[in-house]
Every structure is written in C-alpha cells, then in structure tokens.
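Residues annotated as compositional bias 'Polar residues' in Swiss-Prot: 1-22. The region 'Disordered' feature in Swiss-Prot is assigned to 1-28. Swiss-Prot lists 69-79 with the feature motif ''HIGH' region'. What Swiss-Prot lists as motif ''KMSKS' region' is 554-558. What Swiss-Prot lists as coiled coil is 832-894, and the listing cites sequence analysis.
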Amino acid sequence: MKSIQTPSKSHTNTKETPVMSQEETKGYNPREIEESYYKIWETRGYFEVEGNAQIQKPNQNFAVMLPPPNVTGSLHIGHALNHTLIDIMTRYKRMDGYKTLWQPGTDHAGIATQNVVEKRLLSKGIKKEELGREAFLEKVWEWREESGGTILSQMRKLGTSPAWSRTRFTMDEGLKNSVARAFVKLYEEGYIIRGNYMVNWCTHDGALSDIEVEYDANKGKLYHLRYFFKDSSDYIVVATTRPETFFGDTAVMVHPEDERYAHLIGQTLVLPLIGREIQIIADSYVDREFGTGMVKVTPAHDPNDYEVGKRHDLEFITVFDKEGYLNHHAGEFEGLERLEAREAIVAKLQEKGYIEKIEEHENQVGKCYRCGNVVEPYISKQWFVKKEVAQKAIERINSGEAAFYPAQWKNNYNAWMKELRDWCISRQLWWGHQIPVYYCDCGHEWASETTPSHCPKCQGSQFHQDPDVLDTWFSSALWPFSTLGWGNGEAGKGSWWREEDLQEFYPNSLLITGFDILFFWVARMLMMGEHFLDNLPFKDIYLHALVRDEKGQKMSKSKGNVIDPLELIEKYGCDSTRFTLAILCAQGRDVRLSSQQLEISKNFTNKLYNAANFLLLNASSFKTLDEITPQTPLGRYMASRFSLCVEELRGALDGYRFNDGATVLYRFLWGEFCDWGIELSKANKEAINELGAIFREAMKLLHPYMPFISEHLYQKLGGARLEESTSIMILPYPKANWREEKIEMTFEVIMDAIISTRRLKATLELANQKIPVVFIKAPQGMDESLINTFIPRLAKVDSIELLSEKPAACVVDVGEKCEIYLSTAQLDLSPIISRLEKQQEKLQKEVDKLLGMLNNEKFVANAPQNVLEQNRVALKEAQTKLDKVKVELQGIKG
C-alpha cells in the first residue's frame, strides 16, 4: 500500500505549538512531547469518525463506548487501565482502515452528585430544602459546568483518542428525550409497574436496587427474647439480631410438620412492652433444625417474612419512618433513631425480664454502596422494571450472539440472571431524570415523553409529575444506542450524532469495562439494547480484573496504597504507564502494579529512543518499507522477524490479549531489533537504511500501545516534524507479508554461536582477548559467508571453521542451535576448573541447606510467610547458579 505523504493544507496549522527537538534536550522528554503532540492530534480532528478518512475501507466500522465515569469523579487507576485498553483497540482499528467511533461522555451520577452539592451548600449553612427543588437543581447544573469536566481533561493526559466533539452527558437534552421514550415505551408495554414492594432502603439515599447493597461481615449480638402466651406465665423464646424491629412482629411461625409445636399452632402470644397480641402460625419456610425451630415474623422489615406475610394475610406494620426514626408503633421509644434506640430497648427488655440470653453473633449486614449506611428492608411504593424484559437478552447471549472475554464470565452472567428480580428504578432524589409519570386530581395516571399541557382524560390542568427520579443505571443502560441518536429527537443531530450512526455503529463492536459492573451496567445494557433495537448492543464483551498493588492487595485509602495514575504519568511518562498497564493485563487475572515494571517500561522507551539515535548517526533520514525492499541478508532477516511480529501482534489484539501483544512488541523491539539488529549492523553497515525503514514501520505497530514516542521516532527517523507531516496514527497498520524461514534459521545459528563463544571465553577468562579460531558444529546448509561476516567481528575471533564432528583437545559450549569448540592446546585449565569446583561445592551446600529448611514440616508450619517466600526465592537463585557452574565445568572437562 502506498504510504501517505504530507498532510493536506487543512492539516497544516500554523498555530500548532512546535515540538522541541530532542537534540535540544537531555534525552527523551515525554512530558513535552505528550502535551504538544496531543494538541496537534486533537486540533487536526484525528480522533473523530472521519479522522482517518483517507485510509478508511468500505463497510468496515468499529464502535466502542466509554463507560461513562461519574461527573463527580477524577481519574483513578482503574479508569487508567480501562481507557488504555480501549485506546489500544481504537488506535489499532483506526490505523487498520476502520471508520472508528470511541464515544466519550459522563454520567450524571444521581446520588453522588446530589451529595457533593448538598455538602457544599451545608458548608455555607444552606439546606437544599430551604432552596427548593428548582433552585437546588440550578446549583447542581452550576457545579457541573464548573467541575464536571475534570475527568475528561485528565483522560487527555493518558493519551486517549475518543471523538471529543461528540461528548455526551446522561442528562443532556438528547439523552433526556431518549430516557423519556424508553420509560414511556416500557410503561405502555406493561414492563414498568408501580406498587408497594419491599425494597432496600437507605435512610440517606432512599431506595436501592439489590446490587447497590454491599454486604460486610459484622460482629454483633443475637438477642433471645421471651414471648409470653396470653394470660399465662409460660413463654417461648425467639431470637433476633435487630430487637428494634420486634414492634413490627405480627406472628411467630413453626414448621407445619414439626411435632414439637403442633399443639401450639393458633395460640396467642403477647409482644413484650407494648402488649399487642400475635398468633403462632405454620409455614414450611421454617428450618426445623435451626435454633429452636420457632421464628418471629416481621413482614414489613424482612424480605423472607414479607413473603410469609403475604401468604398468611398478616398485618404489615412499619416501625420507623423513611429517615430511620421509630414511629408510634414503638410506644415510649417513638422518635429515637433506629440504631441508637437498640441499646435503650434492650435495657428495657432486660429490666422487665423479657431477655432469655444475649450471645455474640457474626452476620452479614447490608450497607449502601454510596454512603455506607446500614440498609433496611422497607415497604415503599416504588417503580420497577419487570424481570421478564431481560429474557430475550439471556437467550441471545446463550445462543452465542455476543462473546465474553474471558469466556467464564458468561457463566457468572447466567448465574446472576437466574436469580434476577424486578429492578427498582425509582430514587428519592432531586437530581436525575424525573420520572415522566403524571397524576391528575381526577385520579388518572399516565406517562408522557413531553411535559403535558392537560390531563388526557378530563382535560383538566390540575396534575403533577411524580417527584422521584430514575436510578442512574436506567439512563446508563441506554448508553450504547442513545448516544447514537435513538430517541434523541432533533437534539444534537449533526453534532452529537448523525443520521447514519445507528446503522453504522450498532451493535457496538466491543465493550471494555471492569467485571465489577457486569450486573450494575452490562446486564442492563444487554436487556435494554435487545428490547428496543432487537439486537444485543455488543458483539464482544471484555471484562478486566482489578488493579492491585504489587503485593496483590486491593487499593484503599485506609491502607495508604492507592496509586494515582496522574502521578505515574508525571514520573514515568504516559507511554510507560500505558505499556505497564497493558503488559500486566492478562485475561482473568488482577493487575499487580509495581514500580519495577514501570521502570522496565520507562527503560524500554529510552532503549527505543537510543536505537533511533544510533540509526541517525549513520543516516540523516530513512524511508519506509512501502518505499524500499530489503536486499541485504540482515535487512531480510529483520524484515522477516518484523513480519512475524505483525502476525502475532494482530492475533493478540484481535483476541483482546493485550498483555501478549505488549510482550510481542517488547520481544521484537528490544530483544531482537535493539539487542541484535543494531549489534549485527556493526558488521553489516550496508543494512542500516533497511533497518531504519523496518524500525520506522515498527513504530506503527507500537503506536496503539505507546502513541507518543512512536509518533516522535517515526517522524524523527523520516527527517520530518509532526507539524509538517501526516501523523502516524492515520497511516495504515502493517500487514504480515514477508517471511524467510531459511534466513531466519541462519541468523539464529549466528546469534547462538556469538552467545556461546562469548560465554565460553568468559568461562576461560578470555572475554576481552581475541582468539585465533573457533570451531562450530551447525546444521547443514548454513551460509558460510554470512557466518564469517558476523561471528568473528562480534565474538572477537580471527576465523571460524565449520565441522561435523567434535575435535580433540577442546572445550565445548552447547547452545540451542549449534555447538562451539575452542582448542585448549595452549591453555592451562586447572585454575579455572579448581575455581568452578569450589563454586559448585559452595552452591551445593547452600541448596541443600535451603531444601532442608523448606522440607521441614515444623519450620514451614511456624515460619512467617515472608520468610518462607524469601527462602524459596533464594533456593531458586542458588539452584540456577549451581546449574550454570555445572554446565561450565562439563564444557571445560569435555
């Protein structure tokens, strides 16, 4: 394919900030390069859908959505991983000729945003209720305009390339319209219903869906209470972890087949302190083997009791209000906060003789995922999406219409969907999408996409809108298609979205997100996309794991191990940070982020920079592989290895094996090109121009992972500057089309012979001396002229002789591809043998000692884990050294 030359005049912006040449600085300065290049890329529109128009292939489209971060948020290390992976795929597809859309945007984050603004107002002594709903919402919008774009600007520092001109917000006008349409359609289809249900209730944030409740282990108490029979001194004992809710008991239940209590069914008990009468009932829900086999029933404050209450038509008594304060049903305790009331209630029960015993007890306590408050089961009138709306999405996932990466997440998805319940979508907040349902004084209820002027039934104007807002995840569930114009009306048409977007970009090609929101977000997008567009929203779903510290611990402020990605970028550069995250990201495994790997990545950028400088010492500029065909043996060899790199890298990226792709790049660029290609060129200067062309082409491969240094070195090696040239990011991605296995085999022997000769000379303490001759036993068919071109120069040998049998009086080094023999006729080997034998003896003792300790069961049982790990590492190192000495001795002794 012809290479793209200089940019069109529209891409030559005289106002672009010049990038300081690296010759004017001390080494590679990523900070300067990154800021300057990013401005040029964004100004030229490269990130947009038509940014690569000149290389786009017909009917090749790629779409990926940014999981919209909270508008309140700032970039954390999980974002950095997620955005890096998305950007790698986006840049790869863009260079490969796809019309590419990476859709950016932010989420209005109902609870989080309202909390932030409420706290700001409270710091000024203002409560939101004093302002009223409309004035408060104005304050939220003001805050959003001031601070809501922070995370998007931080994303730029990571080198990401979304279509910024299309940035959406889940409460922009178009998405408001989309949300209203989705709600009304589901409402009219009977999939959205309203009713009194038991919900998870946070006294601060209101109703929560099941997956918004996080469960923590709690060391509490189990209170055994005496419930006396009516007009009797006899009693039964029931247990509870929440004595403050017993005021809502409306029965005690036993198993209908439990002979111990059959005679008690139907008898009347009297509740302690308040004297209300309840009956003993029979229900098969009771586990006869657990505790006493008698269970108190509190239908308004326990989800299982709620179902029992419905079966037996029990009274549902709510004992505290929405703020968590006990009501009149609690008698003298009315007005106390539910958790603070516990101590007073228990004290009173003890005083009156109603406590049988109190035991220590560990249980799981549900807490609000936002504020950490203890969540209560609470009966409330709420809006729900019926679980049946998800059924077709489940079927289509299991028919293979979308694939999970790693594949095991499909099992997790199915397991969760099997237990799916109706989704509570109403929230008692002011900030968010207000539920588009209206209530008229005439009693009529209806849903409308637009604000109505009158009641459609009585034509009257005395109506009001439901005060609740939708769960934030409702609007996020529409993200893969609402951002493409579905339900937007005319809002944003031609700027945020285009007429053809749904046809070109739905279903999205790929979703990349964390596994932790599989159920919050991914499952809901699947069901909404299937329901409204009759197609799953993604072809592939890649779920990455957590980023942990180098010890494998989850990051938390309390541990002090939180890593700020912006600090990493400042210290190591954007490219090094991205490359580290990618090379550590193996499918299904947590990312263990370490300073050691970051240093390795930083050294990698310096290695590349130094390689380019070496090439430029020999030529002022280099062409590309589109313009020249390698002719020298070294050029052909490196071109063949480059082609293998292309093949393996494409395979890794197409399978979302980001770590494998990074490893392929590292192996080729450092291990093959820098370590060997440049080294071998010292004996073959004619290959320099070809190596320069290959290195430039390799920068295209590197670009999705390390966009800045790849751009810089590509331009620099071409004798150009980005200000006057087309960016590497819209040049065609290389294809694998050049393999020469025979020449690869020859150079493998050459390199192996150089390594073996150097190793043998070092063993014989001749490393810096030039020796007259080395004998090589190699596979047949080797090009003798090539062997004599490279080995003598790089191994410091006068001559090479190929042979088929081992010569007499020689020491040997057996490599992977050949055997090297060096004559010992003129050498006294006894001091070397003596030294190596002493080393062998010392190392053997060390290995035996460590093995003895690690095989000692008592030592292993009592030693700290870090000591055991240190000993295992020491054993591995000692064994490696011992094996090396043995090989050297064997080679010398023949």
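Just so it is clear, glycine is given a Cβ too, placed from its N, Cα and C backbone atoms.
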Long-range neighbours of the motif ''HIGH' region' (69-79), counting only residues six or more past its ends (CB under 8 A): 106-109, 112-113, 116, 144, 147-148, 150-151, 154-155, 157-158, 169, 514, 546-547, 555, 562-566, 593
Counts by DSSP class (helix H/G/I, strand E/B, coil) across the motif ''KMSKS' region' (554-558): 0 helix, 1 strand, 4 coil
Local confidence of the prediction over the motif ''HIGH' region' (69-79), expressed as mean pLDDT: 89
Number of helical, extended and coil residues in the motif ''HIGH' region' (69-79), per DSSP: 3 helix, 1 strand, 7 coil
